[in-house]
Each structure stands twice: as C-alpha cells, then as structure tokens.
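Each remark here refers to the structure printed beneath this line.
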Amino acid sequence: MERPRAPPSPLNDAESLSERRSLEIFNPSSGKETHGSTSSSSKPPLDGNNKGSSSKWMEFQDSAKITERTAEWGLSAVKPDSGDDGISFKLSSEVERSKNMSRRSSEESTSSESGAFPRVSQELKTALSTLQQTFVVSDATQPHCPIVYASSGFFTMTGYSSKEIVGRNCRFLQGPDTDKNEVAKIRDCVKNGKSYCGRLLNYKKDGTPFWNLLTVTPIKDDQGNTIKFIGMQVEVSKYTEGVNDKALRPNGLSKSLIRYDARQKEKALDSITEVVQTIRHRKSQVQESVSNDTMVKPDSSTTPTPGRQTRQSDEASKSFRTPGRVSTPTGSKLKSSNNRHEDLLRMEPEELMLSTEVIGQRDSWDLSDRERDIRQGIDLATTLERIEKNFVISDPRLPDNPIIFASDSFLELTEYSREEILGRNCRFLQGPETDQATVQKIRDAIRDQREITVQLINYTKSGKKFWNLFHLQPMRDQKGELQYFIGVQLDGSDHVEPLQNRLSERTEMQSSKLVKATATNVDEAVRELPDANTRPEDLWAAHSKPVYPLPHNKESTSWKAIKKIQASGETVGLHHFKPIKPLGSGDTGSVHLVELKGTGELYAMKAMEKTMMLNRNKAHRACIEREIISLLDHPFLPTLYASFQTSTHVCLITDFCPGGELFALLDRQPMKILTEDSARFYAAEVVIGLEYLHCLGIVYRDLKPENILLKKDGHIVLADFDLSFMTTCTPQLIIPAAPSKRRRSKSQPLPTFVAEPSTQSNSFVGTEEYIAPEIITGAGHTSAIDWWALGILLYEMLYGRTPFRGKNRQKTFANILHKDLTFPSSIPVSLVGRQLINTLLNRDPSSRLGSKGGANEIKQHAFFRGINWPLIRGMSPPPLDAPLSIIEKDPNAKDIKWEDDGVLVNSTDLDIDLF
C-alpha cells in the first residue's frame, strides 16, 4: 500500500513547494508524469576586453570579474538593497533556491505498484533536492542496480524523462564510441563495491555525444554491505581535451600542455563528497536548507555565517573537546579520522577579543566525515591556467605549429571546445572576410620568429564574425632557441570605426599594450612548467644528480653513512635501502621508513610514481621539491641525503623524524589542544623555518600540522615542498632612524634584517582550510600567504580546529573570504594570543602581520615575549599532557622487500576513499 504524501506545512510553503518540485522516481510503473519547468544559466562569454588598469594576471578589473571568479567556487554576487557600493555574496545553492525554485525541474512518477522498487524516504528526497549536482542513486541490493532517484540536472543533461529511466541501469547512456575498457572498469567497481572516477563518451536521448566525467561511489550500511550507488555526472565536453589525451609527441609525452582530466577529477571528488554526506546526514541537510537564507557580506560586522543561531549550554560546549581523532601508531594521516569537529561552535564577532559567546552552528554536521579528505593538499590550477585572457600557445617544433594550450576565455570567445582546438593550427578562425594580406604578415612573422600585432576579422564556431586584435609573440628557452608561440586575441568589435572599418588608432594603441602585457604574463607563467618537448629521461634528470653535504650537517652520522657509499664510487640507489614500514602518503607520493643496509641508519624516503605525476600535471612540482630540499641547511628543515630514480619512481632520501607529525601529537592530547606555552614554542620554530625559506626566495604554501614533523628531541622539521614556489629574494638591512640628541640613550636600536620573496604567483594550491583569501580570488599571492597559514596553525593548536572550516570546499572558501574570525569562549586563550591570530588572519595581504617586515614583525609580537630567538634550538619543549610518542623500528617485524606487493605502491589515479 502506498504511503500517503505528507501535507505541506503551513509554516513553510516554500519548503513544501521545493518538495513537490524535487525529482522523485520511486514508483516506476506509473504512466502519469508531471513535467516542471527547467532553466539553465550559462556564464557569459569573455571577450577579453578589460578596461581600466590591469593587474599582473588581469583578473578582477571590476565587480563582474569578481562575480565570475567567485562563481566558480559556488558563490553568487548579490547587489545590496541600499546605496552600499559593496557586493554581497551567498552560496549559489541559496541564490538559486531563493530566486527561482522552479530551476529544480520537477518530474514525478506515481504508481499503485509500490513494491516494484525500494522506496526512498521523504526525508532523503527533500535533502537530495537541495543539491545542485547532477547525479542518480541506484539500488545496489537489486540486480543490475536500478535507478531509484535522479536529480533534475540529470534529465536536463540527458534529455530523458523519469518514465524512460526509472528502474533501468545507467548503461542506456552508452553508444557506439563509448570506451569498452572504461565500461569494464565501472562494472568491476560496482561488482566489488568500489569507487570509480573517469571520463567516457556518452549519448543523450537525441543521439548527441558528450563527454561525461562519471564518479561512482558506494553507500554502505553498518555491516559494510553496499546498499546504494551514487553516480554523479559532469558534462565536460567544453573543457576536456577529449581524444587528444591520447595524442603523443615523438618523445612520448602528451601534446597537450595541461592534462585536464586530473583537474576535473579533483573537483568531481570534492563535489560528490557533499552528495554522500547529504545521504548520510539528511536530517541536518534538510534543517540547514530551511534556515539557510542569511547572506554573507564581505567585511561585515554583522553575523556572516548562514544558519540559525541557538545558544548552547556549558555542557554542549564541553562536548566540543571530546576526544575523537584516531591515528595510526606511526602518526600517519592515511586513515585518521576526527570526531572533535562534529559540534563546531560559532561565536559572535568580537572586535576587542575580550569575551566570546558560544552559539550553535548548523553547517558542521558532516565535518568529521570530511576530516581525512580535506587535509590533503590541493593543486587545482597553475598560474598559466588562471590567466583570464583569450590566448593560445602553439609549438612550432611540431608539424603545422599546432595549438597545445587554449585558455578558457579563448574557448568562450570562439565557441569551440578544447577538444576541437588542441592539435590544430589557428587558421580555423579565418573566414570569407578575413584579409589574406594580414594573414600573410602573420605567416612571415612565424617564419622569421618575431612578434607582430595585427587586426583582422575572425569567425566563431557559429559563424559570428569579430574584429580580432591579434598579438603573436615567440617564446625562447634559456639557450635562446624557439620554444613556443603565444597568440593573444582581443575582441575589438565594439570599438570599430564605421568609416574606416577597423579599430581606431587610439583603441589599437591601448589594446596593443594590453595584449602585449598578457603575452608577457603568459611567457612568465608557462616557464613554471617543464618544456613539453623534453625527453622523459631529461625530465627526471635532476633526481639522478649526486647530492653533497652542506656545512651545518655534514658531520652527522646520517651523512657519514652516505659518504661511505659515495667514497666507494657507487651511486646511491634504491638497492642500498631496506624498507621498514610505511610512514604515510601525501598529495604526490608515499613516504617510507628505510634503513641504509649495513649501517643501522634510518631515513625517510619519499617515492613518487612518474606516470601519475605526468597525468596529474605534477612533474614540475616534483622537480621543484627536489631543487628546494637540496638548498636547505637548517635545523628546522629537512636535509637531502640522496635522490635517485627507478624505471617507475623518483625518490628522495631525507631525515627520519621519529616524533611523527604535529597533527598526531595534537590528536593524542586529552583536549585535542596545546597549552599556550607549547603552541608558542612550536609556532616560534615555524617562524624561524619560514624566515629561512623566505630568505632563499621560497614560499612554502602548505603549512599545516601534518607537514610539521617532530624530531626525537621534540624540535620541529618542516616537510613537503611539492606545492612550494621558488623565486628571487633581495635581502634588506633596515637601519632605524637615529634618535634625537635629547632622547639619545646608551643602547642604540639594532638594524633589522628583512628578506621576503619578491615575485608573485597565482597557482591555486594549498590545503583547503589553510588557503589564504588571495589564492581563492586569484589576485596573485606573495609570501604573505605563509603568515596567514601561521595564523590558522596557531588557531588549530590552541582551539583544536581551524576557524573557517565548512561542510564542503565551497563553504570553506566562502568562510575564508567573508566569515568573521571568532574564538570559542570555552577555551581560555590570552588576549595577546588572540591578537596575534587576528593580525595574521588579516584578509588584506598588504596589511597582514609579516607582509612588510617579514618574520621580524612576528617575532616582536607580545605573544612571543620570553622566546630567546637565537638560542631556541637549545630550549627544551614545554611539557605535554600526552608526551611525544617515538616511532621505532620493530626488531620482530618481518623482513620485506621492494619487490613485494604493496610495498612501493603504484598509485596511477586519483583515489576515492569516502568511507
């Protein structure tokens, strides 16, 4: 018997309307359907014609650019009602629900045969209807895993109706050119209850093929049995390289400068996490959707976080500190989980930081489930990919000078997909009215390897013509040989002089400066990447270079053991080391505890799989890390003892830190926090480590407890430099002004040494909770992002959590940009401690503590009073509630070899581990 539909609540007609319009496919035998209205929004094409002054990457010239960039991370701009000139932001999902609830197209199917397929509860239906993702839910307990729920986006994307898909397996999307190997992978994952993420060619109802980035993940019950599968689809036809991902150069590397599948997979994995958590915590999601109507306004003094506020009792505040982290004995972050975030406490803003109030926060229902996922470093875009201008890069060393990179803005301007552009020559933009004499000038410039700026008529894919101010610029390598051509386009259609039928001289002059500046920025950005024409053996050549000791550590027992091998004429390699145990894994590889055979000396070995590094655009990251570590000679930074490569991996041999990670140390504390004395000690050593890095021109970019290792004596070592940025640094000695004669004292103020990296970067890298605002907005960042991360680190050490964490990446980024900084009143922290955090977490990087005077500004803060900076190496770490746990070699452990299964893990793809 069919369960009657609950009547709409008189208290919330909007919620009732949302429930009726949400897509429901639970009674598949119905012959009656109700089709709701559908609408879709598309991003307006970028013409690249920005006005006004231009920043280095020419992003955010006006509010439209801000809106466009923030929209990529789930935020929508809202014009204020009053005369305020600012822009308010709220999550896109909230804007969509409040502006037009019919956007969630409705299709219902009812039937008297209620037992045909398992029902999904009304509560779950309501929760799922709040999501913006395109996905289906299948019943894993039934043969062929029939679909029992689909989001409205699935119908919009595929063109099918509920009657046509309910009860069916998703294979109806397959067609003649669907890769059978990918289909076999999906079947194997479904059969074994595993996850899958991959791109395959699917077909819409009308036969139109499209590239579908499919992510499948299981939902399991308490006994570990798979009961549902979520299949999330993302149409990536516009931006994927498509079949070009298999196009190779003569050197065996991809013709495309960037491998886009890896980018899209990382975003998809974060997106499906929200779907999974919605199913697992549907009650909280429904409650949040009802109360989530408060807008977030930048720099607002009012409550910034969406959600209903309810005061909590003291007992509730105590539950915040309930132990919940679980770590492996080695301190590895592989399988750690954290329940201490389940009841995050939200405080009202407090400008003077003298008192706080504890207020409940609704968006924290799934934070513990995301703990292990979001602590990994992310690498979402290089500086090159974030230049929002119309440009392409071609390689004249290949036949016909094909395009190997096309910006997203270029795709919008020309209406072509990336798959249609890569591998082609730019002449596809020509048409009937294209002046061939101008085209010949471009050909002559290519032949002569010189730059040229011209204007000509080009055509979009749909046949629309536009006036293109085109700038061609050659790019040469360090030897002066031609490497690439950079082609920048600017749509000048709105500035054509009718009588002359061309751009005016003034417009051409101004626009020429703009396209030339863009080409210069592209030239700088592309140099961060390895030369696409490099032979694979040359790409990893740096890892085969010998390593020699630097002055301060050359007499250590670790170096003496390595030097014995070098003295014998041998090259240090994998065969010299015996695997002991795995220590953990990061974004680019796995870390092993190893022993140098015959010496008893222990080291840490980081192994990175070559194919995975290439597929995920991380080859240059591995090379940068090797270069950086080879320069380090400091007690709070790792020492490189050797680097080498095998046929499949590149390896780095560095210090083994038996104290494990600071993350694990925090985890073991009864309250999951450190005392101020301990936090001060560790923060001080981090400051000194960062000061040394900045002096070398290195921006760390991934400071977090997982990357702070502890030596046996309790002192720190900063680890993992694969996300770091290396540039130049010009040290300065600032002489203080001499005091007046009247006030002259015996002690003269000492000069201040300041050394901060001088160049900006615009890569989108870091760890979600620690990323600085300027990285999210794409405004370009300097070493000031490390001081922001120091503020987050201090907050986590003192309060047991980070201040801006949200239930998903979009919400975390929204919080980082707009949420007021508050402090839990249930945990006493001194005023100077809160003041230091507040000045470090200044959203304006130019006003952030440390941005002008570097580490010296931070050292002088009152929080660090009592720290003897020159002698901090000799200090004993303050006592801890739970002492340091030392990782030791187990004498009874079974001997293992590198050839054994699972010892040197070959991770060739992105992993999904949501459960």
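Cβ from N, Cα, C; glycine included.
The stretch that Swiss-Prot tags with region 'Activation loop', taken from the ranges 170-224, 555-609, 720-774, is 720-774. Swiss-Prot marks one residue of Ser22, Ser138, Ser291, Ser630 as phosphoserine, namely Ser22. Same-site candidate for FMN 2 binding, as annotated by Swiss-Prot with Asn425, Arg427, Gln430, Asn458, Asn468, Phe470, Gln489, chosen from Arg397, Arg443, Arg506, Arg527: Arg443. Residues of the region 'Activation loop' (720-774) grouped by DSSP class, helix first, strand second and coil last, total 5 helix, 15 strand, 35 coil. Contacts of Cys170 (S-4a-FMN cysteine) defined by a Cβ separation under 8 A and a same-chain sequence distance of 6+ are given as Val136, Ser138, Ile147, Gly231, in order along the sequence.
Helix, strand and coil counts from DSSP across the domain 'PAS 1' (120-193) read 34 helix, 9 strand, 31 coil. When secondary structure is read from DSSP and collapsed to three states, Cys426 (S-4a-FMN cysteine) falls in the helix class. If you average pLDDT over the domain 'PAS 1' (120-193) in this model, you get 88. Taking the Cβ of Cys426 (S-4a-FMN cysteine) as reference, residues of its chain lying under 8 Å away and at least six apart in sequence are, in sequence order, Val392, Ser394, Ile403, Gly487.
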